[in-house]
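Among the features that Swiss-Prot reports, Cd(2+) 1 binding site is placed at C15, C19, C32, C36, with the record citing similarity to another entry. What Swiss-Prot records for C19, C24, C38, C41 is Cd(2+) 2 binding site, and it gives similarity to another entry as the kind of evidence. What Swiss-Prot lists as Cd(2+) 3 binding site is C26, C30, C32, C41. If you look up Swiss-Prot, you'll see C45, C57, C63, C71 marked as Cd(2+) 4 binding site, on the strength of similarity to another entry. According to Swiss-Prot, the feature Cd(2+) 5 binding site maps to C47, C51, C53, C57, an assignment based on similarity to another entry. According to Swiss-Prot, the feature Cd(2+) 6 binding site maps to C53, C65, C69, C71, an assignment based on similarity to another entry.
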Amino acid sequence: MPGPCNCIETNVCICGTGCSGKCCRCGDACKCASGCGCSGCKVVCKCSGTCACGCDCTGPTNCKCESGCSCK
């Protein structure tokens, strides 16, 4: 049985302490912020330098980095 934070499997998002609903971080139905403490709320999206992944990034297939940055 997957954990409550494994949103990709359960499609139910329970964000950890300090998480906001600003950006989607763990699947289309989930709105955990990048600092979410839940293990299932992490996505692999590598942007160049110190640039962060954009709000539309839900995984490697649709990685969107901040303006002026490139995705690896």
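Going from the start of the chain as shown, residues are counted 1 onward.
For all residues, glycine too, the Cβ spot is worked out from N, Cα and C.
The structure, with features from Swiss-Prot marked on it.
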residue : record                : CB count, 10 Å
C47     : Cd(2+) 5 binding site : 18
C51     : Cd(2+) 5 binding site : 15
C53     : Cd(2+) 5 binding site : 22
C63     : Cd(2+) 4 binding site : 19
C65     : Cd(2+) 6 binding site : 19
C69     : Cd(2+) 6 binding site : 16
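The distance from the Cα of C63 (Cd(2+) 4 binding site) to the Cα of C47 (Cd(2+) 5 binding site) comes to 8 Å. If you take the Cα of C69 (Cd(2+) 6 binding site) and the Cα of C53 (Cd(2+) 5 binding site), they are about 9 angstrom apart, rounded to a whole number.
A separation of roughly 4 Å, to the nearest angstrom, links the Cα atoms of C65 (Cd(2+) 6 binding site) and C53 (Cd(2+) 5 binding site).
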